[in-house]
Amino acid sequence: MWKGYLSIFGGFLTHLVTGGFYFWGNISMNVSSYYRFNGYPDIETKTVSAVFPAIYFGIAIGSQLGIHLARRFGHKLVSVANMLCYCASMYAATYSNFYFFVFFQGLLPGVFIGIEYLIPVDNALKFFPSKKGMVTGLILCGFGFTPLVFNPILQRLLNPDNILPVNGYYPEEVAENLMSSLRIVTTIYLGMGLIGAFLMQSIKQSDDHNDDTYNQKLIQNDAQVGVNSQFEILKTKEFWLSTFQVFCLTGFGFILISHYKEFGIVHIPDDQFFSLVGMIGGFTNGLSRFLWSYLLDFINYKYLVFFNIIMAMTLAATINLIADSKVLFMMWIIFTYLQYGGLYTLFPGICTKQFGTKFGPLAFNMAFNSIPFSNLTQFLLTLYLHDQFMNGRLFYLYVIINFLALVIQVYLLVTERSRKKLSSVNYTE
């Protein structure tokens with residue numbers, strides 16, 4: 001059993017490393033400021049934000065490979081190689097012009113993040129197959145805790161004197177700190193990521209009768225929707241409805257988490273405050289992944305998704321009303337991280353409950369492909385409707401988008417209730 005706990009902790013560490021892209025909401029202005037002094041005098045923060053959707057397109061590519069590579073070559077080996085490649089890409093970004101920066105800081109590390117995402121979960125579930133929610137939550141919470149651990153370090157390196165930007169950009173003395181700061185943080189990533197990867201344990205065939213692993217073969221067949229191949233997943237209604245919901249529900253989280261500083265600093269001119277916002281938001285993001293996945297073991301996932309949708313709609317409808325208050329702005333960011341972070345444990349858990357332990361991770365990998373398009377949508381909206389974003393009106397569009405997810409969820413709840421009622425009548429007869 002100790003091997004299982006080591007595997008969970010190792011997965012937590014690798015996720016703590018790959019969650020580094022959540023810095024983007026706090027450093028996008030630093031990046032645009034740096035490149036204004038280094039060859040791109042007219043570059044804007046809204047253009048630099050292209051890195052964020054690039055990361056998610058990379059994640060979509062990598063997520064299709066991770067489970068397959070790990071099951072063929074071994075979870076530990078693939079994870080170690082992946083951590084080395086991830087950090088190498090991050091180092092390369094600090095010596096690049098802007099376009100290569102987008103590639104080495106965005107698209108390429110996104111591929112390695114996608115590869116890593118479900119590897120430790122897939123590995124740990126071999127030790128705890130009956131505790132899907134707990135295992136998923138404990139590992140994936142590392143993904144959200146990254147800003148909590150590293151935001152204070154990065155902020156101290158980037159802007160120790162809390163110098164405010166002028167017209168949305170930092171002066172040269174702050175801007176030039178960017179690349180050296182990223183190199184220091186990447187060095188920490190490298191050590192932590194390798195430790196986490198080496199902690200992943202392998203399960204032996206002789207261990208099949210130990211504790212929770214005894215019923216592994218039975219647990220693999222606990223699917224609510226019966227499928228025999230990855231291709232058959234694509235034929236199910238449940239998969240496509242979940243995929244569209246992921247697209248709808250991640251959009252508001254993307255637009256606020258990646259731009260909260262750009263939006264908020266107009267109302268609250270305090271650079272260190274937004275570092276604190278990112279740090280506490282990251283803690284909430286990490287905690288939410290455990291909280292939602294823990295609830296998933298006790299509450300019907302359809303009701304949890306329903307509650308998540310209501311949260312997203314309420315936050316999107318009201319964020320513009322409270323932007324001038326530090327306390328309320330902090331609370332809204334915390335609740336946004338709580339809603340957004342929950343999606344990354346709710347939907348892997350949902351897919352596992354729908355399609356079983358064997359096909360669940362593969363189903364989520366495919367559903368994950370909608371997330372980059374959700375991120376690309378928010379990037380294009382903030383790029384071409386920047387004035388509407390800065391005055392807060394763009395958030396109302398996400399109330400409508402999330403309402404579509406709500407309609408789907410009501411349909412699923414009504415359908416499930418009708419099916420149970422019909423089954424009860426047939427049983428009585």
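Glycine is treated like the rest: Cβ placed from N, Cα and C.
Annotation source TrEMBL lists transmembrane segment at 7-27 (among others).
According to TrEMBL, the transmembrane segment annotation covers 47-70 (among others).
Annotation source TrEMBL lists transmembrane segment at 99-121 (among others).
The transmembrane segment annotation in TrEMBL covers 133-158 (among others). For the transmembrane segment (133-158), same-chain residues at least 6 beyond its ends with a Cβ under 8 Å from one of its own Cβ atoms are 8, 11-20, 22-23, 26-27, 30, 117, 120-121, 124-125, 174, 177-178, 180-181, 184-185, 188, 272, 275, 278-297, 337, 341, 344-345, 348-349, 352.
Residues or ranges marked as transmembrane segment by TrEMBL: 178-200 (among others).
For 239-260 (among others), the entry in TrEMBL reads transmembrane segment.
Residues 19, 22-23, 25-26, 136-138, 140-149, 151-152, 155, 159, 162, 257, 260-261, 264-265, 304, 308, 326, 329-330, 333-334, 336-342, 344-346 of the same chain lie 6+ residues outside the transmembrane segment (272-292) yet bring a C-beta within less than 8 angstroms of a C-beta in it. If you look up TrEMBL, you'll see 272-292 (among others) marked as transmembrane segment.
The transmembrane segment feature in TrEMBL is assigned to 304-323 (among others).
Note on the transmembrane segment (329-350): residues 118, 121, 132-133, 136-137, 140, 143-144, 242, 246, 249-250, 252-254, 256-257, 260, 264, 267-268, 276-277, 280-282, 284-293, 296, 301, 304-305, 308, 311-312, 315, 318-319, 322-323, 360-361, 364, 367 of its chain, located 6 or more positions outside it, place their CB under 8 angstroms from a CB of the stretch. Annotated transmembrane segment per TrEMBL: 329-350 (among others), in sequence order.
As annotated by TrEMBL, transmembrane segment applies to 362-383 (among others).
Summarising the annotation, TrEMBL assigns transmembrane segment to 395-414 (among others).
Among the stretches 99-121, 239-260, 304-323, 362-383, 395-414, the one making the largest number of Cβ pairs under 8 Å with the transmembrane segment (7-27) is 99-121. The transmembrane segment (239-260) makes no contact with the transmembrane segment (99-121), as judged by fewer than three Cβ pairs under 8 Å among residues 6 or more apart in sequence.
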